[in-house]
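Visitor: Please find one structure pasted underneath; my questions will follow.
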Amino acid sequence: MSLSSLSRALARSARSSRQRQGSLLGGHGGLRASSPPLPCGELGFLRSYVTSVIGNRAAVASGAGKGGDWRFLLASRQFRRLFSDKSKKNHGKHSEEENKGKGDESDKSDSKKQSSSGDQWNFEESIKQFKDMIAPLFLFGLLLLSASASSSEQEISFQEFKNKLLEPGLVDHIVVSNKSIAKVYVRSSPSIDRIQDSDIHITTSHLPGIESPSSYKYYFNIGSVDSFEEKLQEAQKALEIDPHYYVPITYTTEAKWFEEVMKYVPTVLIIGLIYLLGKRIQNGFTVGGGPGKGGRSIFSIGKVQVTKLDKNSKNKVFFKDVAGCDEAKQEIMEFVHFLKNPKKYEELGAKIPKGALLVGPPGTGKTLLAKATAGESGVPFLSISGSDFMEMFVGVGPSRVRNLFQEARQCSPSIVFIDEIDAIGRARGRGGFSGGHDERESTLNQLLVEMDGFGTTSGVVVLAGTNRPDILDKALLRPGRFDRQISIDKPDIKGRDQIFRIYLKKLKLDKEPSFYSQRLAALTPGFAGADIANVCNEAALIAARSEGTLITMQHFESAIDRVIGGLEKKNKVISKLERRTVAYHESGHAVAGWFLEHAEPLLKVTIVPRGTAALGFAQYVPNDNLLMTKEQLFDMTCMTLGGRAAEEVLIGKISTGAQNDLEKVTKMTYAQVAVYGFSEKVGLLSFPQREDGFEMSKPYSSQTASIIDTEVREWVAKAYEKTVELIKQHKDQVAQIAELLLEKEVLHQDDLVQVLGERPFKTLEPTNYDRFKQGFQDEDSNRNAELSNADGASSLGEAVAS
């Protein structure tokens, strides 16, 4: 029931009560003798109850001293229904009486069920219902009092009092209440023919139970007591009333409980608001908090919110779910074995390392390996991010560190994992820009003390992950705190095969997962575990978008293009001249790489725009080379410059499309000259650049810098000359490939073989492209067979020679 409907019902009930009261008073003064029947409906019982209370107000007021006069309220069915749990059921029964028939039997069965269930009294449910009833009952009481306040007492002016009440002699006595209001009590049996104005109605009939000689009918404001007495005395003198018959005046101090209650309403509201704010602060009014963790109460800001996993938790990750980092997994498993079987190591006098730092590029599986440790260890695992220690308030970081290790010691043996520890573990005072004493340093100092300081206890193993070990404080990396640094690199081709097998098990493929895992592993060199998971998910999305029932190799190739090059934009507006320029540019890359010995084998070339700036690209399948020779880097430079050379030779104009190629060439050539020591003029010197690019001064002189710049220009010019000569030799083939690109937009290696023929260079070992076509396990078996045959042939030859 809404408050608006309740207020409207009360207003209608008040009007009907006045009409009913007029009918009870017997038609005096033009009051209507009857009132229309009360409307029945959803609020019928409430309106009838309020009407009965207001209509009999006079009877209750006169008999307030008699407790029995309230019995009619307690005996009222509507009154009892307000405070009964069965009100809704009875009300529902009334509303359903209109629809007889099948509903009768259901009502009887429901009433039996409800009566049987009502016998079981639930204290907590009753308390909850009582709390829910407080606010509606309080509001209902205020509305009831406001409705009952509109009584028959009439406010008049002093002039009306003088002319219409005092002059005819109708005033019995006056009661001045609270020195502000004069209540006029009219005689019980006045002479009605002396009343001159019909606007004031005095009733001679009495209601049942009223025996007082006078009744309180009128009131007016007096302003002040002295002025009121003077006015009244002057009025009585003017009327020539005998002083012995002056109207008696009494003064009272009345406390109207409704007004007194209303005085405290603002205070109660303020207290209630403060209480609600307090509850909100404890439950929801928060400060900080990581994603998925919610916020922190302002009163518990020093406490740390830890993700705690135990052996009974669901959605565990095990070591079998981690692939591509076998060596790192083996080292982490030693911690788990020690926690499960500590006696085996203690008998040999060994101590478990206090901590291990997981180091590696982003997406290699550091956090996943920590989750697997939590699932396999069988001990409490507490996980937190390094940024969760930092807050806007001073001293919160150290407090949270203490709270974290205190909780870990309470449930020892346990494992604590701090992800992205570089947020609090940066070197203190590095470079003179960090300030003397900040919140991060205080947090780091507290972490150092908790890991290895006075008062530390055994049983807590600390794991941490970071991709920036070079910026960590040396005190944090020393033995006794992080005894081990476990490096997790990007997986090789076999590691990628294992990772693909894990993710492909969850997909619906048209062939076996091993078929795809081998070929996709060869197709994705340099991909980390997170990139592989993204490729598998993108392939599933592309298959679903194309209404496919199974995922095929075409979907995986499109997913790899999406991850490498960005979103495909076939609707991008490109002019014919620009499209032709892009086609010749990409064909120049393809031809240059095809006829260079140390260049990477080409997978496909396309002129479909992708990403934000790429109008086309050539995709290669590089090998997982750990070392690069000078000749390999030179051929890669020539292949990168093939696009610019094709534009100059075939179109006669150069464009800005080679900007990215020139950037790669510049970076590659500077590395050869200044880092790898390939230049004879610079010598065997290496000047590696910092990754952050922040250097106040160069580690070499200006003369050396000039030599480096000159060498880089000469090397790039030499590579460009060779590339131009190569493009001129195969000018017709470049044009054919460009026309095919304009026609098909995408060319694979098979299409290039038809135009260019087989590559003139053969490698002794299979390339990643060969593994992509055939699968590397078959190649390994064939290679082992060839080696065994070669060994047998050599031994046979030696025997014959002997």
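Think of each number as a place in line: the chain as shown, counted from 1.
Cβ coordinates are placed from backbone N, Cα and C, and glycine is handled just like the others.
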Visitor: What range among 1-33, 463-495 does Swiss-Prot record as region 'Disordered'?
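Guide: That would be 1-33, the stretch labelled region 'Disordered' in Swiss-Prot.
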Visitor: Asp510, Asp531, Asp661: which one does Swiss-Prot list with His585, His589 for the Zn(2+) site?
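Guide: It is Asp661, as the record lists it for that site.
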Visitor: According to Swiss-Prot, which listed range is region 'Disordered': 413-442, 773-802?
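Guide: Spelled out, Swiss-Prot records region 'Disordered' over residues 773-802, not the other listed ranges.
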Visitor: Helix, strand or coil at Pro361 (ATP binding site), per DSSP?
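Guide: DSSP call for Pro361 (ATP binding site): coil, neither helix nor strand.
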Visitor: Please tell me which one of the recorded positions listed here (His585, Glu586, His589, Asp661) sits closest to Lys366 (ATP binding site), measuring Cα to Cα?
Guide: Asp661
Visitor: Go through Pro362, Gly365, our binding-site residues, and report the one whose Cβ sees the most other Cβ atoms within 10 Å.
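Guide: By the 10 Å Cβ neighbour count, Gly365 comes out on top.
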Visitor: Tell me which of the binding-site residues Gly360, Pro361, Gly363 sits in the most Cβ-dense spot, judged by other Cβ atoms within 10 Å.
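Guide: Answer returned by the neighbour count: Gly360.
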Visitor: To the nearest Å, how far is the Cα of Pro361 (ATP binding site) from the Cα of His589 (Zn(2+) binding site)?
Guide: 30
Visitor: I'd like to know which of the recorded positions Glu586, Asp661 has the most other Cβ atoms within 10 Å of its Cβ.
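Guide: Max Cβ neighbours within 10 Å, all protein chains included: Glu586.
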Visitor: 10 Å Cβ neighbour count around Thr364 (ATP binding site)?
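Guide: Within a 10 Å radius of the Cβ of Thr364 (ATP binding site) lie 26 other Cβ atoms.
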Visitor: Sequence gap of 6 or more, Cβ distance under 8 Å: name the residues on the same chain that satisfy this around Thr367 (ATP binding site), in order along the sequence.
Guide: Asp419, Gly465
Visitor: When DSSP is mapped onto helix/strand/coil, what comes out for Thr367 (ATP binding site)?
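Guide: In three-state terms, Thr367 (ATP binding site) counts as helix.
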Visitor: An 8 Å radius from the center of the Gly360, Pro361, Pro362, Gly363, Thr364, Gly365, Lys366, Thr367 Cβ atoms defines the neighbourhood of the ATP site; name the other residues of that chain inside it, in order.
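Guide: Going along the sequence, the neighbours come out as Gly465, Asn467, Ile488, Ala528, Gly529, Ala530.
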